[in-house]
Amino acid sequence: MASDVGSHPLTVTRFRCRVHYVYNKLLILTLFAPVILESVIYVSGPQGGNVTLVSNFTSNISARWFRWDGNDSHLICFYKRGEGLSTPYVGLSLSCAANQITIFNLTLNDSGRYGAEGFTRSGENETFLWYNLTVKPKPLETTPASNVTTIVTTTSTVTDAKSNVTGNVSLAPQLRAVAGFSHQTPLENNTHLALVGVVVFLVLIVVCIMGWWKLLCSKSEL
């Protein structure tokens, strides 16, 4: 009986120490977990390129890589003491290792929050890391459509100028018709002008002769 009574306080003491140990561990995790969770590594990569997320894990531990969508984590890679296992996540292409993963052929949908969790041999959590990945879109390339637009604009300008010239040319027959030279060549126009000049000259001669004749008649009457 005495031995039972003596062992009872020892058991209680051990239990209390265990409770205090667990309490202190939870208290430390509660105090420092927000700091750890908010320690984010910012990484960026070009669309269509590759990006590597690097951790400080050693190769002799297990590592769990996952993607965080805001509500839940999705396992994408589990590296267990030298044995890599890649779990596809929406067609995610990557290489897996304890201290890093490489994501290939990045798309805009790959942007987001990623996490890495390292485990010791005993299975306890060793460290925890957050990554914020940003995939930069490709720069817009100049398409041939812009050149086509320029050509169309230039063609339009040339067409307008050509239409003006055509309009001026179309007015020429009307002006020539008003002057009496419709559908005539330059040689015909010169001949026509010469004939008009001869007719005018003959009319002037007739007028002069008639005036001279009238003057003679008036003198004979006197």
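Cβ atoms are placed via backbone N, Cα and C, with glycine included.
Note that the coordinates shown come from a computational prediction; the quantities given were computed from them, not determined experimentally.
Among the features that Swiss-Prot reports, N-linked glycosylation site is placed at ASN50 (among others). Counting every protein chain shown, the Cβ of ASN50 (N-linked glycosylation site) has 14 other Cβ atoms within 10 Å.
The annotation N-linked glycosylation site is assigned in Swiss-Prot to ASN56 (among others) on the grounds of sequence analysis. The C-beta environment of ASN56 (N-linked glycosylation site), restricted to residues of the same chain at least 6 apart in sequence and closer than 8 Å, consists of ASN99, THR127, LEU129.
Here Swiss-Prot flags ASN60 (among others) as N-linked glycosylation site, drawing on sequence analysis. Within 10 Å of the C-beta atom of ASN60 (N-linked glycosylation site) sit 10 other C-beta atoms, taking all shown protein chains into account.
Counting every protein chain shown, 5 other Cβ atoms lie within 10 Å of the Cβ of ASN71 (N-linked glycosylation site). Residues or ranges marked as N-linked glycosylation site by Swiss-Prot on the basis of sequence analysis: ASN71 (among others).
Under DSSP, ASN105 (N-linked glycosylation site) is assigned to coil, being neither helix nor strand in the three-state scheme. Within the same chain, the residues at least 6 positions away from ASN105 (N-linked glycosylation site) whose Cβ sits under 8 Å from its Cβ are GLY48, GLY49, ASN50, SER93, listed in sequence order. As annotated by Swiss-Prot, N-linked glycosylation site applies to ASN105 (among others), with the evidence given as sequence analysis.
Taken from Swiss-Prot, the feature N-linked glycosylation site applies to ASN109 (among others), supported by sequence analysis. There are 10 other CB atoms within 10 A of the CB of ASN109 (N-linked glycosylation site), with all protein chains counted.
Taken from Swiss-Prot, the feature N-linked glycosylation site applies to ASN125 (among others), supported by sequence analysis.
Summarising the annotation, Swiss-Prot assigns N-linked glycosylation site to ASN132 (among others). The Cβ neighbour count for ASN132 (N-linked glycosylation site), using a 10 Å radius over every protein chain in view, is 14.
Sequence annotations record features per position, and here Swiss-Prot assigns N-linked glycosylation site to ASN147 (among others).
Residues annotated as N-linked glycosylation site in Swiss-Prot: ASN164 (among others).
Marked as N-linked glycosylation site by Swiss-Prot: ASN168 (among others).
Swiss-Prot lists ASN189 (among others) with the feature N-linked glycosylation site, giving sequence analysis as the kind of evidence.
Listed as Cβ neighbours of the transmembrane segment (193-213) (distance under 8 Å, sequence separation of 6 or more from its ends, same chain) is no residue at all: none. Per Swiss-Prot, transmembrane segment is recorded for 193-213.
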